[in-house]
Amino acid sequence: MSDDKLDTLPDLQSETSHVTTPHRQNDLLRQAVTHGRPPPVPSTSTSGKKREMSELPWSDFFDEKKDANIDGDVFNVYIKGNEGPIFYLLHGGGYSGLTWACFAKELATLISCRVVAPDLRGHGDTKCSDEHDLSKETQIKDIGAIFKNIFGEDDSPVCIVGHSMGGALAIHTLNAKMISSKVAALIVIDVVEGSAMEALGGMVHFLHSRPSSFPSIEKAIHWCLSSGTARNPTAARVSMPSQIREVSEHEYTWRIDLTTTEQYWKGWFEGLSKEFLGCSVPKMLVLAGVDRLDRDLTIGQMQGKFQTCVLPKVGHCVQEDSPQNLADEVGRFACRHRIAQPKFSALASPPDPAILEYRKRHHQ
């Protein structure tokens, strides 16, 4: 069915309704993308029970863990899926590719796609000769080289998705044309230039306020949840262990000391709004609650230059706190822009009687 027909399709909640609705296309895409999802597991009370804090393996979420050898450096990459468009996921500072674990699993149930989540320089299981050069220039070169190492000349459409620092790098990577394949879309999660630049002043204090070490992985996961750093126990159990490293028996410290990279922080975010608006591909900005858009983004939003999505009841790490809702939004966005196809077509289920009646009336 063409976009024009979708835009004029009546509200089919009532068989007799003839009022057109411009938002019907979104409703149909949501139905097509989410149709067939298993019903959510009923929540259970944890009162009186000890919450499980053990580490979850990467293999519960991804299909493959691969090394990308680039000029003597070894970048660890998590991969899910073997066909379809490529979703290239870039994590924020201090995290790893496993921050996307729950989201990747959810997205793969909705659309046919490949998900690729590298550990960037200095993070996770990646090993580089210079672990602390997190400059914008070095990192976007890394991102381009990792992609080429994994996919070669694959010309499948690519959707670059980045969170926080990774969101800034996604924008810079796209504008610098570091990925030769067809970049079809850009999704940036919880990074706005104005807010990010303001937050940098308190970042060192925040980093020093965290525990310097943990006696075990379980204690680190417990801190991650109790501090509100993550709100999803499953995400914390797979992501938090990759953010720390064992330095001695019963002592784990942070994988990367982000304070040593302070000189690069400003370069990640400065001029980001104009660069974001200058990207010619379809764009979506995902925010954790209501954020203040700066002047450039406010004007751009009013002009329809990008889509905004606000997810409620989440912290900064949206992909960990609400992976299902984020996957729904990303899946709908990808289908709307013809980047991906839903795995579960509405045609696979018994047709809605209202739709049949509408088609009968209009001889479709």
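Placed from the backbone N, Cα and C atoms, the Cβ positions cover glycine too.
Under the heading active site, Swiss-Prot lists Ser164, Asp190, His316. Residues annotated as compositional bias 'Polar residues' in Swiss-Prot: 11-23. Swiss-Prot lists 1-53 with the feature region 'Disordered'.
If you measure from the Cα atom of Asp190 (active site) to that of His316 (active site), you get 7 Å.
Ranked by Cβ neighbours within 10 A across all protein chains shown, the active-site residues Asp190, His316 are led by Asp190. Sequence-distant contacts (6 or more apart, same chain, Cβ under 8 Å) of Ser164 (active site) comprise Gly92, Gly93, Ile189, Asp190, Val191, His316.
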